[in-house]
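Visitor: The structure that follows is given in the form of structure tokens.
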Amino acid sequence: MKIGIIGAMEQEVAILKDKIEGLSTVTKAGCTFYTGTLNGADVVLLQSGIGKVAAAVGTTLLIAEHNVDVVLNTGSAGGFDSSLNLGDVVISTEVRHHDADVTAFGYEMGQMAQQPAAFIADEKLITTAEQALTEMSDKHAVRGLICTGDVFVCTPERQEFIRTHFPSVIAVEMEASAIAQTCHQFNTPFVVVRAISDVADKESPMSFDEFLPLAAQSSSEMVLNMVTLLK
């Protein structure tokens, strides 16, 4: 099995990149692909860039040119579930766009035309993620709906919009739905596993930039454990 791993930013892939053996690097269309073995598994690690378009371009190349069998999306996310704290982990059961609106044509809020309302994560990969979490006894995890938009959600108004239209949302970020939609169109199994860098409605002594390295550590540890189980 060849495992594809996607992170948007350098900070989100650096820990994993440093652990890849036989590393080779290719850059194309603004995306950087790191190929080699990780904990004995064949992997292609993609630094896609931030946002849905960058993520879709990178995921397309990852599947079509690098021929990965499964896709794991790692990195940071903003928590919406009240039980989440900084450094906790979210695992996708489904992923939706929160910034798409073609409801005028009878679609659900967040549903793109001619696409399903939600992109369903692979059940086997979800199970693998939960098994990987058992090696991280200090981390709390929530599984559920992750919502994506080309918006850094930082205002009460946007938070309320998302809660109103997607009441079961557990976390938000800026790439997962594009990755999920691309995987859906290629019929490639995926799961999103991210660490919480900030939580809606909770005060934190640390800023997003300050906590990002810690979130990257948590999400990278999860991915390393998953890769070991999948190889």
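From the backbone N, Cα and C atoms, a Cβ is placed for every residue, glycine too.
I grabbed these lines from Swiss-Prot:
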| type | residues | note |
| --- | --- | --- |
| ACT_SITE | Glu12 | active site, proton acceptor |
| ACT_SITE | Asp198 | active site, proton donor |
| BINDING | Gly78, Val153, Met174, Glu175 | substrate binding site |
Visitor: What's the most sparsely packed of the binding-site residues Val153, Met174, counting other C-beta atoms within 10 A?
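Guide: Candidates: the binding-site residues Val153, Met174. Fewest Cβ atoms within 10 Å: Val153.
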Visitor: Taking the Cβ of Glu12 (active site, proton acceptor) as the centre, count every other Cβ atom within 10 Å, in any protein chain shown.
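Guide: Step by step: centre on the Cβ of Glu12 (active site, proton acceptor), count other Cβ atoms within 10 Å, giving 27.
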Visitor: Taking the Cα atoms as reference points, how far is Gly78 (substrate binding site) from the residue listed as 'active site, proton acceptor' in Å?
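Guide: Per the Cα atoms, Gly78 (substrate binding site) and the residue listed as 'active site, proton acceptor' stand 14 Å apart.
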Visitor: Which of Glu175, Asp198 (the recorded positions) has the most other Cβ atoms within 10 Å?
Guide: Glu175
Visitor: Enumerate the residues of the same chain, Gly78, Val153, Met174, Glu175 excluded, that satisfy the criterion Cβ within 8 A of the mean position of the Cβ atoms of the recorded substrate site; list them in sequence order.
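Guide: Result: Ala77, Thr148, Gly149, Val151, Phe152, Val172, Glu173.
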Visitor: Measure from the CA atom of Val153 (substrate binding site) to the CA atom of Glu12 (active site, proton acceptor) and give the result in Å, rounded to a whole number.
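Guide: Here the two Cα atoms are 19 Å apart.
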Visitor: Mind giving me a neighbour count for Gly78 (substrate binding site)? Other Cβ atoms within 10 Å of its Cβ, every protein chain shown.
Guide: 23
Visitor: Substrate site residues Gly78, Val153, Met174, Glu175: biggest Cα-Cα distance, Å?
Guide: 13
Visitor: How big is the Cα-to-Cα gap, in Å, between Met174 (substrate binding site) and Asp198 (active site, proton donor)?
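Guide: Pair distance, Cα basis, whole Å: 14 Å.
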Visitor: Where does the residue listed as 'active site, proton acceptor' sit by DSSP, helix, strand or coil?
Guide: helix
